[in-house]
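Take a look at the structure set out below.
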Amino acid sequence: MWAASCLASCCAACACEACRSVVGSISRRSARLAYCGLFALSLIVSWILREVAAPLMEKLPWINHFQQTPSREWFETDAVLRVSLGNFLFFTIFALIMIGVKNQKDPRDRLHHGGWWVKVVSWCLLVIFTFFLPNGVVSFYETISKFGSGMFLLVQVVLLLDFVHGWNDNWVKKDEQFWYIALFVVSLVCYVATFSFSGLLFHFFSPSGHDCGFNTSLIVITLIFVFLFTIVALHPTVSGSLLPASVISFYCMYLCYSGLASEPRDYECNGLHKHSKAVSTGSLTLGLLTTVLSVVYSAVRAGSSTTLVSSPSSPRAGTEKPLLPVNKMDEEENKKDEKRPVTYSYAFFHIIFSLASMYSAMLLTGWSTSVGESGKLVDVGWPSVWVRIITGWATAALYIWSLVAPILFPEREF
């Protein structure tokens, strides 16, 4: 018994020392990566509590104050929402603190990049604090999370549009035959993949012998968008390019697939249910890992982008500081010139993580409506279907607007 106690004490001491070393090694160059790690940790904690916290929460009187105890799925959803709320409060508070930071001489610049022990402890306290809040507060947060998630998805769409237009412009500016051929090849591959993808969707989500007009309509609408993209992009007045049109076409078809794949597993028109009726721990882990990577990438890309918002003193797009600069002289230059302007908006960076916290909570809870088997899956249920489909339609609308807006408003810069 004494030996076990000593061993446990040694392990705890080693763990604390390891955490102290990791937190102490975070510098200006790795601060954004540290925020990503903290955000990813919140998703892992949410997933773990979704699986194990329900029996404990049933015993808390300020949570389970109902005459009849709710289902286990209700407590699982509530646990995820409370962790998400703590994460949201953490990043929102930092967003408010960082409003108006223009140069590195501002004391808040050090707060943004340093003090990680205080940040980690504050994050833990906020998450714990949310489990003492009444259910009405969590219910209100659940409602606004649906709107916040929609805003986050729109940010993803804007980033994609900016990326494909920038990609096309960079290759066209080279004005060499090789890059024109590369544009054609990539566009052709995207179109072939798009139409091949649509064929698979008809096969899996509109099986013969079933009335699947809803799924068929969604696939056909997406194909109409694909043809519309090409027609508008190649119109002489627009003078567009096939590369952005092909990439957006493939992305819209992927969103259509993602929406159809999110249909409940017992829905007769979801052909994937035959292959995924039994859900393993490995598939759940893979689904969560994919969600974490996509959300973290979008948050970092958006938070550091000058396309969506620019600090008054920040450089233009194309000169933004990378996530992890490889130049080791950056820190020395920062010490020599403390008035150096910030390279991205700190406030907007934290706002994106706040929206991503809402979005990830909706994914892990099936948009707070999952019950039964769907509640054990990541991003499954009819709300998830409509979110994906509407996101695809919004992508189509924004892409067409990006083509026609310069013609409709020639005096404005887009």
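Placement of Cβ uses the backbone N, Cα and C atoms for every residue, glycine included.
What TrEMBL records for 1-18 is signal peptide.
The feature transmembrane segment is assigned by TrEMBL to 31-49 (among others).
Under the heading transmembrane segment, TrEMBL lists 79-100 (among others).
The transmembrane segment feature in TrEMBL is assigned to 120-140 (among others). Within the chain carrying the transmembrane segment (120-140), a Cβ under 8 angstroms from the stretch's Cβ atoms is held by residues 23, 38, 42, 45, 57, 60, 62-63, 65, 78, 81-83, 85-87, 89-90, all 6 or more beyond its ends.
The transmembrane segment feature in TrEMBL is assigned to 147-167 (among others).
According to TrEMBL, the transmembrane segment annotation covers 179-202 (among others).
Here TrEMBL flags 214-234 (among others) as transmembrane segment. Through the fold, the transmembrane segment (214-234) approaches residues 194-195, 198, 201-202, 205-206, 240-242, 244-245, 248-249, 252-253, 256, 259-260, 269, 389, 392-393, 396, 399-400, 403-404 of its own chain, all at least 6 residues removed from its boundaries and within a Cβ separation under 8 Å.
Annotation comment: TrEMBL describes 240-257 (among others) as transmembrane segment.
Positions annotated as transmembrane segment by TrEMBL: 278-300 (among others).
The compositional bias 'Low complexity' feature in TrEMBL is assigned to 306-315.
For 306-336, the entry in TrEMBL reads region 'Disordered'.
Among the features that TrEMBL reports, transmembrane segment is placed at 344-364 (among others).
Taken from TrEMBL, the feature transmembrane segment applies to 385-409 (among others). Sequence-distant contacts of the transmembrane segment (385-409) (same chain, at least 6 residues past either end, Cβ-Cβ under 8 Å): 149-150, 153-154, 156-158, 160-161, 165, 218, 221-222, 225, 228-229, 232-233, 237-238, 240, 244-245, 248, 251-252, 255-256, 258-260, 262-263, 362, 367.
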When counting Cβ pairs under 8 Å to the transmembrane segment (147-167), the leader among 31-49, 179-202, 240-257: 240-257
Interface-richest range of 31-49, 79-100, 179-202 toward the transmembrane segment (240-257), CB pairs under 8 Å: 179-202
